[in-house]
Amino acid sequence: MDRYFFLFLKMNVSKWLEAHTDRSANLITLPRNAILADISGTGDYNLVITDLKFKTDNKSRLKTFRGTILISDQALPSLPNSLISFFADRLEPRIPVVGVACGSEVFFYKNLKPFYQFRVPSCPLIDHESNIWKEIIETKQFDVDKMVESLKEIPYSNLSSRSQQLLTEYSLTKAEAFIRKYMDSIPVKDDTITCMITLERTSKDKTSISCPIIATEFSNIYILDPQNFSIIQQANTCNTAATPFLIRCSGLYDVEFRILIATREGHICLLRKGWLEGKSLIQLKSDIVDMVLVPGDNFIVVASVDKIIQCFTKRGQRLWSSEVNSPITTMCLVRLEHLSTSLVAIGLKNGSIQFYQGRQAVDYLSIADSPSVIVFGQLGQEENVLVVITAGGSISFKILKRTAEFSNVPQESTPLIQSKPLPLPKRSKLFLEQSIRERQHALEIHQTFQQDLIRLRLTAARALIQNLTDQSGIGNEKEQIKLSAQVLGLGPKFTIVLTLENINPTKPLVGLKVTFHVNPLYYILSNYVIKIPLIPPSLSFKMQIKAKEIMEESGNEEQSNSNAIRVFVSRQEFSIPVLAATINMPPTELIA
Amino acid sequence: MGLFQKLVNLLGVGRKEVNVLVVGLNNSGKTTVVNSFKSEEDKMTDIVPTVGFNIEKFQNQNLAFTAFDMSGHGRYRDLWEHYYKECHGIIFVIDSSDRLRLVVVKEELDLLLQHPNICQKSIPILFFANKMDCKDALSSVKIAAALGLDKIMDKPWHISASNALTGEGLQEGVEWLTQQIRENLNVKH
Ligand SMILES: Nc1nc2c(ncn2[C@@H]2O[C@H](COP(=O)(O)OP(=O)(O)OP(=O)(O)O)[C@@H](O)[C@H]2O)c(=O)[nH]1
Ligand SMILES: [Mg+2]
């Protein structure tokens, strides 16, 4: 509170003009029961509201205002629950249809005259209940007590209204008379409308044709054709028990749309084009009061009974939450097209309205008492009018000043979670063609890949063998000696050239000898031990020995590993060699 | 012969160029008012909401009137102030049946009166409480009170109820304005 007070002192001048307030209007209405629509098609927008009367002898009314003046007041058949307006056709002048939901019916008005009545389909009875009534219809006999007892086995809310009424009859005689009266027909279980909204059909302009969407007590969602009011899509709210009470939508019916349904169980369910059942997107811990969708980002702003406002992305990730100082009664989207921004007006029980731009409270209005409904839009000729009806029955009209700006307030709307999707490149035509090709020729592509992989491995193995047989690069890191050998000749006489390298850049090598070890049955060497002179740092010593293969007809192949000459480099006084290597001798190529 | 020309002939002011600025909210009837000043042959039959502004001229042997008929739509109201400097008189048209927007009229009038190019000048302002034929129309007295016109001390002002469709009340107002402008011109010479 202090913060707003401070903010208020700083701004001092209100951004709103007080156009008109009537404290004795005596209007009783609820959220979603006020709309602004050009009902006569003259460009002079009207305010249409329902005025609720809860006493049975007093009918609720549908009231229409031109500017601040009441111009029409008609009785409604029963308690209204929500109000919509939409364009149903392209006839000139463009006159929208106003729809009022009362009980299981929607009454459609054009030019303030009722012209169509839509009834939501009734629900099938529970088997048990229909059996009870069927039996009475067939036998024409009944026992009131027994019947009441068996009806009581069914949960009260699942009964038809006729059975419910029967259970509330106290006296036996009255109950009997009641049953007799309805003895010839099976009762119907009416479905009650709980909320409505409209969804644009093909385009998003101010006068585009929209479809009414209706949600009911028994969790049904109906999308109606705006011209003939037939049901064009029907779905269930959620796969779990859910009672819709508030519905919002975005998108276009013909293209793609998202319907968000808030339920009394605290879920927000998502329903999309073609779905037969919605799915729960968000679950709140406390009861939902109101919900708005902020256009553009399609953020979902939800108010709950615990005085908390939360904002979610369209995928249901929570971006921020904020607590207000008084219970929230209603919310309203304030679209400011001339400023290209949208605010969310939050009506509080203490008689104030807070305006949020993103997560920031940017403005504040004080009104007579707790607002029961807030609407914002064009009224008369003025585009930015805020109409507030309060629980105390007052109505007040406020106009946003032309010079009002909200952008000078420092905006830290950076969401807690990165809401933007990863910057994936656009799917190019090439990409699409490639993926189609991959799907069609999966087997060939896989086989070609495997062949190439095997070839690669083979090449790698060959290179390794090559490297091993090169007989170079054997060394001892610690002693910093490297030995390489080279075999020259075709056989049976070979020359072996050995190079001993001192890779130590500072110390010379001293006191080394090289010993050769062969199977004397196959090879005879010119020299078996060679004493190595001093090898200065970074230099090498080359030596040469002759080997002669003993050619024998048999046995040569059997001991294949015997055609190897082992070389040991050792220090004169130690028995453990410093370096050991094996020279694989090539077979003698016999020239025929 | 147009109303303006008749008047001009009658008053016989010297060959002078006179600019009048016609302002007021959109749909108040500014273009309709200006249209009824024009000679029969120049009159428009179809009046549509003005975009930006229109310039209408009335020529007379003694006096040339140039009326700047501004658009009253919210997004064009910023344009008004650009013509404050050059104008010799202001016609402020009010839709007297639009009770809702009377606060907006007051707001725009206050902005106009506070403007540096206006607040120094003793420029005559003529108010037309237009659409007096409408059922919900407020009287010119009520409108004057709602707008707080009695607080304008440093400028001559006048309000007349009018019906721009029939021309009723326009003559009275314009007579007053012409008189004021002529006085101002005479003082300068
Ligand atoms: N009943 C009635 N209608 C009027 C009167 N004067 C103008 N109108 C109507 O009001 C509407 C608006 O008139 P315009 O002259 O276009 O209004 P404007 O002030 O020029 O409007 P913008 O150009 O949008 O600022 C038209 O339909 C006129 O026919 C009047 O005295 N009485
Ligand atoms: Mg105009």
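Every residue number used here counts from 1 along the chain in the order it is shown.
Placement of Cβ uses the backbone N, Cα and C atoms for every residue, glycine included.
TrEMBL labels come from automatic prediction, so no person has curated them.
When B:Gly72, B:Gly74 are compared with the GTP site residues B:Gly24, B:Leu25, B:Asn26, B:Asn27, B:Ser28, B:Gly29, B:Lys30, B:Thr31, B:Asn130, B:Lys131, B:Met132, B:Asp133 in TrEMBL, the one appearing in that site is B:Gly72. Contact annotation for chain A: of the listed binding-site residues (B:Asn26, B:Ser28, B:Thr50, B:Gly72, B:Lys131, B:Asp133), B:Asn26 place their CB atoms under 8 A from a CB atom of that chain. When the binding-site residues B:Gly24, B:Asn26, B:Ser28, B:Lys131, B:Asp133 are checked against ligand 2, none has a Cβ within less than 6 Å of one of its atoms. According to DSSP, B:Ser28 (GTP binding site) is assigned to coil rather than to any helix or strand. When the neighbouring Cβ atoms lying within 10 Å are counted for each of the binding-site residues (B:Asn26, B:Ser28, B:Thr31, B:Thr50), the highest count belongs to B:Ser28. A separation of roughly 13 Å, to the nearest angstrom, links the Cα atoms of B:Lys131 (GTP binding site) and B:Thr31 (Mg(2+) binding site). Here the binding-site residues are B:Lys30, B:Lys131, and the one with the most other Cβ atoms within 10 Å of its Cβ is B:Lys30.
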